[in-house]
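A quick write-up on the structure given underneath.
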Amino acid sequence: MKQYLELIQKVLDEGTQKNDRTGTGTLSIFGHQMRFNLLEGFPLVTTKRCHLRSIIHELLWFLQGDTNIAYLHENNVTIWDEWADENGDLGPVYGKQWRAWPTPDGRHIDQIATVLSQLKNDPDSRRIIVSAWNVGELDKMALAPCHAFFQFYVADGKLSCQLYQRSCDVFLGLPFNIASYALLVHMMAQQCDLDVGDFVWTGGDTHLYSNHMEQTHLQLSREPRALPKLVIKRKPDSLFDYRFDDFEIEGYDPHPGIKAPVAI
């Protein structure tokens, strides 16, 4: 994950001090890209321990179209708690947009099912895209989508994906986002009988919060370790039938975790 540490250093060296919605303050750059060859290992940050349970369960939750944190709580995942209302609802966030984007005539579009069909039946299409940025429903969401738009690409029997992330918390959020989308590419590839290719991450407002600086410097002082390997133990009947126990990360030997406050 050398690219990730290089990004941290770039933000520290070149970032502009900016105010933000949370009132915390950031160092920010605009426009950055990283590419991860998924055949070379699973891109999980090793300079601090990442909470795999949260990463996997959150993705499974998205794929079910769920927008209430009850499922997450049942599985000891609390990463969405700060934004949920008293009933655990988040409004029409990622899961709703991925699986049931509303149309003006009252129908709903399952973008994930559509993408799966395209990958199987028209893999050379340049329209294999999922968007969570529904302008008509942004004001109903507890949090506007940060990872907003992603596109799949098939070449030489390999599946690649590029994500555009309009806002990126480099220290806390980005390691989760990279691992989550890498996991999704592996799952999609298995369902479509493809190998994995590259995951390309593109960031818009890419920032370090002012109250993450001590943690950031600690992380930069650590030497990256070898990337782990993702093992998917079975091939379910559909993308929507994966379970937490289907995934195993082999050889993950990270440095200790580093706690930092979440900007809300």
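For all residues, glycine too, the Cβ spot is worked out from N, Cα and C.
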**OP:** According to Swiss-Prot, HIS51, ALA263 bind (6R)-5,10-methylene-5,6,7,8-tetrahydrofolate; so which of ASP139, ASP169 is the extra one listed there?
**Re:** ASP169
Original post:
Between SER167 (dUMP binding site) and CYS146 (active site, nucleophile), what is the CA-CA distance rounded to a whole number of Å?
Top reply: 5
**OP:** Measure between the Cα atoms of every pair in HIS51, ASP169, ALA263, the residues the record assigns to (6R)-5,10-methylene-5,6,7,8-tetrahydrofolate, and report the largest value in Å, rounded to a whole number.
**Re:** 18
**OP:** Check each residue in the chain of HIS51 ((6R)-5,10-methylene-5,6,7,8-tetrahydrofolate binding site) that is at least six apart in sequence and keep those whose C-beta is under 8 Å from its C-beta; list them in sequence order.
**Re:** GLY257
